[in-house]
Amino acid sequence: EWPETGRLALYLLGLRATCPLPEPGPQRLLVTWLKYYLEEDWAGSRRHGQPLTSYYQYSLGVLALCVHRKRVREEVIHRLLAAEHHGRFRHTGSSTVDTEAVAALAFTCLERERLVGSRLAAELQAARRRLRRRMVEAQDPDGFLGNVYSTPWAMQVFIATNTCRTQPAYSRAMAALLENLDAFTTAATMAQVLPVLHGRSYLDIASMRCQEEPDTLTPVSAEPPAEKLGNMTVRLVVECPEPRCPQHRLYDRTVSAPSGASLLDVLRAATMQGPPNFTFVTQDTSQGPFLSRVLGMEARQQQRSYWQLLTAPGTSLQMGVADYRPHDGETLILRLSEW
């Protein structure tokens, strides 16, 4: 069974933030499972040279254990330090800011909670400085640190290390974030950006005094958004690289969908507008629906492949299939890629 490192780590972070009743049994079991997943995850290094899932999920696991004030084996920490030192966080064609930020938060937490010795703490501090410097270097002209979704992670690092007031990159990132809050539509992405808007990081969860927390979890009724009238037409293209697919372009046709529809709605509309017949499968994840199979071609994490979402001619989308809303006349590309 594939390790659920990232999902369980996020659950444990959320559980700690909700100030649960003092029933240590279930929490202790979940922490034990996370430690087990970290070891199972690393078993993939014997074949791939990196965790079975990713360094992002691996770092999340270390961060969650630290926030729960649970010691992490030094070997586990050294694995992350070695990955940072040798530049192994990078994947082809993708930003590494989110991975670097989560690792930096984990390093900061381990040092702050005094869960490591002085020598290892010095190594963590030096690695954190390098990671923070690379995040600043990754800031784009719009102010994003990597992209819109990695920006809150990077900003949490500046908050956790008390450098947000002295770092100009932080102010520029906050301005960009405030102009693009509509990009955060899932529970997982909202959970990343909300602490930043209040000047907090996930490390603050470790020091919460739950007895003093007010009960503010009251439901809010929101009015449904006004429906947009009319239809739009988009061009949907499916690509698969050689040698896996001798026929590089597997699908190319226009699809009609209601104006304001999401990319997921467009894919659903395409299934009813053949021939040629269009098929796809999604999997539910903490980040929303994940596109796993298109026209029978499956993206396999074991093979480090995924369905990349692009808008022509080759701009990678920074949103998932349920979040991105195409505009009329746009060309959307689903490309089976490797990371």
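Note: Cβ is positioned from N, Cα and C throughout, glycine not excepted.
No curator has checked TrEMBL annotations; they are predicted automatically.
Residues annotated as cyanocob(III)alamin binding site in TrEMBL: Thr53, Ser54, Tyr55, Tyr56, Gln57, Asp98, Asn147, Gln192, Trp307, Gln308, Leu309, Leu317, Trp339. Listed in sequence order, Leu80, Ala83, Arg88, Phe89, Thr99, Ala103 are the same-chain residues at least 6 apart in sequence whose CB falls under 8 Å from the CB of Tyr55 (cyanocob(III)alamin binding site).
Sequence annotations record features per position, and here TrEMBL assigns disulfide bond to Cys66-Cys109.
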Inter-residue Cα distance where the pair is Cys66 (disulfide bond) and Gln57 (cyanocob(III)alamin binding site), in Å: 14
